[in-house]
Amino acid sequence: MGLEKSFILFSLLVLVLGWVQPSLGVESRESSADKFKRQHMDPESPSKSSPTYCNQMMKRQGMTKGSCKPVNTFVHEPLEDVQAICSQGQVTCKNGRNNCHKSSSTLHITECRLKGSSKYPNCEYTTTDSQKHIIIACEGNPLVPVHYDDTV
């Protein structure tokens, strides 16, 4: 009888885990490289962003769920060009690690900054377009971007 109860409880546990696991969200299975692409790559946008670009993109790319991400940068260049930065000048990252690389040329970027008066869930951002060098952290073999470190 005890073995039968254990089997039933185990079966119920497996069933519950089967329901819970698919609802854990994309972020829990997202690789660092995929997260970098989601948070920072937007090669399709025109050279000049609209004033509401950041409000739309930050929400669309999942950076206003649970809280407002204070700062984010989108790169408007082909992914291959950004991946190529991983073989360019190596520099020290803000956190002291040595896996960062600085772009040899300027890239079209949009910087999104949370407005001072903005509070979750109504995240509002300022949108600033510019041409600047970027610094990204790269990992793996082959090296791929996994973190946006700075704009210079």
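Using the three backbone atoms N, Cα and C, a Cβ is placed for every residue, glycine included.
Listed features, source Swiss-Prot:
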- 1-25: signal peptide (SIGNAL)
- 31-45: compositional bias 'Basic and acidic residues' (COMPBIAS)
- 31-53: region 'Disordered' (REGION)
- Lys35, Arg38, Lys69, Pro70, Val71, Asn72, Thr73, Lys94, Arg113: substrate binding site (BINDING)
- His40: active site, proton acceptor (ACT_SITE)
- Cys54-Cys112: disulfide bond (DISULFID)
- Cys68-Cys123: disulfide bond (DISULFID)
- Cys86-Cys138: disulfide bond (DISULFID)
- Cys93-Cys100: disulfide bond (DISULFID)
- His147: active site, proton donor (ACT_SITE)
Sort out the sequence-distant neighbours of Cys68 (disulfide bond) for me: same chain, 6+ apart, CB within less than 8 Å of its CB, listed by position. Met58, Leu114, Ser118, Lys119, Tyr120, Cys123
Between C-alpha atoms, which of these recorded positions comes nearest to Cys93 (disulfide bond): Lys35, Cys54, Thr73, Cys86, Arg113? Cys86
Around Arg113 (substrate binding site), which residues of its chain at least 6 apart sit with Cβ under 8 Å of its Cβ? Cys54, Pro70, Val71, Tyr125, Thr126, Thr128
Most Cβ neighbours within 10 Å, among the recorded positions Cys54, Val71, Cys86, Cys112, Cys138, goes to Cys54
For His147 (active site, proton donor): intrachain residues, at least 6 apart, with Cβ closer than 8 Å: Ser32, Phe36, Cys93, Ile136, Ala137
Check the Cα-Cα distances from Lys69 (substrate binding site) to the disulfide-bonded residues Cys86, Cys112, Cys138 and tell me which is shortest. Cys112
Judged by the number of other CB atoms within 10 angstroms, which among Cys93, Cys100, Cys123 is the least packed of the disulfide-bonded residues? Cys93
If one measures from the C-alpha of Lys35 (substrate binding site) to the C-alpha of Cys138 (disulfide bond), what distance in angstrom results, rounded to a whole number? 13
